Amino acid sequence: MTDSNQPTPLQARKSGALHGTARVPGDKSISHRALILGALAVGETRISGLLEGEDVINTAKAMRALGAKVERTGDCEWRVHGVGVAGFATPEAPLDFGNSGTGCRLAMGAVAGSPIVATFDGDASLRSRPMRRIVDPLELMGAKVVSSSEGGRLPLALQGARDPLPILYRTPVPSAQIKSAVLLAGLSAPGVTTVIEAEASRDHTELMLQHFGATIVTEAEGAHGRKISLTGQPELRGAPVVVPADPSSAAFPMVAALVVPGSDIELTDVMTNPLRTGLITTLREMGALIEDSDVRGDAGEPMARFRVRGSKLKGVEVPPERAPSMIDEYLVLAVAAAFAEGTTVMRGLHELRVKESDRLEATAAMLRVNGVAVEIAGDDLIVEGKGHVPGGGVVATHMDHRIAMSALAMGLASDKPVTVDDTAFIATSFPDFVPMMQRLGAEFG
């Protein structure tokens, strides 16, 4: 597993203006879903632009272990021959998802609809993360889950339901992972499986299910929520998938370009799904010079080209209802806030506490060790921006790729270099991050 590797520290130094054009890796969320739905479909699914980070590769290995034929045919080009809904076979060994909560939780939903037994495991970070929120609805649908750890944590054994039940389920928190696990399990159940969420979470699973031929209806629910109804037991058909560039990965060069004076970069093919654009909305409110063009789409997912220039940023208040659309971007938003003039308040960040690390505490620690005034008030993060960051600190990454990349972006514009204690986990989502940033002019060493 990745956590057995020796730490690989890295320092980011104040850089000259960043320039150039880049395409960040394929979207991680869509890459996981393309592999899983391709495995549940009948026939061939061709995927181009797949993210070839460790998290997604572990999902590919899991689908192969469950009986699908999964092969790499070229650079970021993959082919999946699926086994059909409820067609998974019992794997010979535990399914190891490494650091990937998304891959693990979505696969649990997919397996829950097949009459097999599979053991799910991961690295130390994933073993520490809560799984009960996924286990509870799957057990309502007829699956049986056994875990020796408190809170239903990994490793756990999941016995899929022989006769899955359709359910109506209200998610306890806004979570695309919970919703997706229930919908994937619902593929095997007769009748209609319904998920209701009080705050709309990212809808990649719904869009891709439609792309593969499922009947799924989405309706508004209250002020900000959604009701999603899936008709079970469809025959999913293999379909081509073009994976757009990941907006969560694009966030790091984007913020780096905003805070390094004189920068002017372009990022191509970035997904612009409205449930993933909270960061861009917030940065524009802060005064960021971000322009989009060449808007188009594939498999229901829109994408665009972004031009990003060095900008004078100001502090803003970020409302809690925006959290689901940018839950993975708050770390790097905090970096932008540190370079802004004035106070930025980010509200309602409780979900950051159960990510790869306690990202709320880790973000505050990252800023404090580099001389930025920051406060945690309940689930709110308050950053006092002074227009510059002193830097000079060593950031503990806690095996979290997004902490590492956020800290490195900060170091490119801080007064003194910023060091991260380990960059190994960047490979889970963005293996080419360091060389790509160096091509744009970033100073690492």
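Placed from the backbone N, Cα and C atoms, the Cβ positions cover glycine too.
Per Swiss-Prot, region 'Disordered' is recorded for 1-25. If you look at the region 'Disordered' (1-25), the same-chain residues 6 or more away from its ends with a CB under 8 A from one of its CBs are 51-54, 96, 98-99, 122-125, 245-246, 249-250, 253, 256-257, 260-270, 310, 399, 407-415, 417-425, 427-432, 434, 436, 439-445.
According to DSSP, Arg402 (phosphoenolpyruvate binding site) is assigned to a helical segment. Annotated phosphoenolpyruvate binding site per Swiss-Prot: Lys28, Gly101, Arg129, Gln177, Arg359, Arg402, in sequence order.
Residues or ranges marked as 3-phosphoshikimate binding site in Swiss-Prot (evidence: sequence analysis): Lys28, Ser29, Arg33, Ser175, Gln177, Asp328, Lys355. In this view, Asp328 (3-phosphoshikimate binding site) is surrounded by 24 other Cβ atoms within 10 Å of its Cβ, with every protein chain counted.
What Swiss-Prot records for Asp328 is active site, proton acceptor, and it gives sequence analysis as the kind of evidence. DSSP classifies Asp328 (3-phosphoshikimate binding site) as coil under the three-state reduction.
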Checklist outcome for this item: Arg359 (phosphoenolpyruvate binding site) falls, by DSSP collapsed to helix, strand or coil, into helix
Checklist entry - Quick one: which of these binding-site residues, Lys28, Gly101, Arg129, have their CA within 10 A of Lys355 (3-phosphoshikimate binding site)? => result Gly101, Arg129
Item to check | From Ser29, Ser175, Asp328: binding-site residues whose CA lies within 10 A of Arg402 (phosphoenolpyruvate binding site) | outcome: Asp328
Next on the checklist: Of Lys28, Gly101, Arg129, Arg359, which is closest to Ser175 (3-phosphoshikimate binding site) if I measure between C-alpha atoms? They're all binding-site residues.
Outcome noted: Gly101
Item to check | Recorded phosphoenolpyruvate site residues Lys28, Gly101, Arg129, Gln177, Arg359, Arg402, farthest C-alpha pair in Å | outcome: 19
Next on the checklist: Measuring Cα to Cα, how many Å separate Arg33 (3-phosphoshikimate binding site) from Gly101 (phosphoenolpyruvate binding site)?
Outcome noted: 13
Checklist outcome for this item: Smallest number of other CB atoms within 10 Å: among the binding-site residues Lys28, Arg33, Lys355, Arg359, that is Lys355
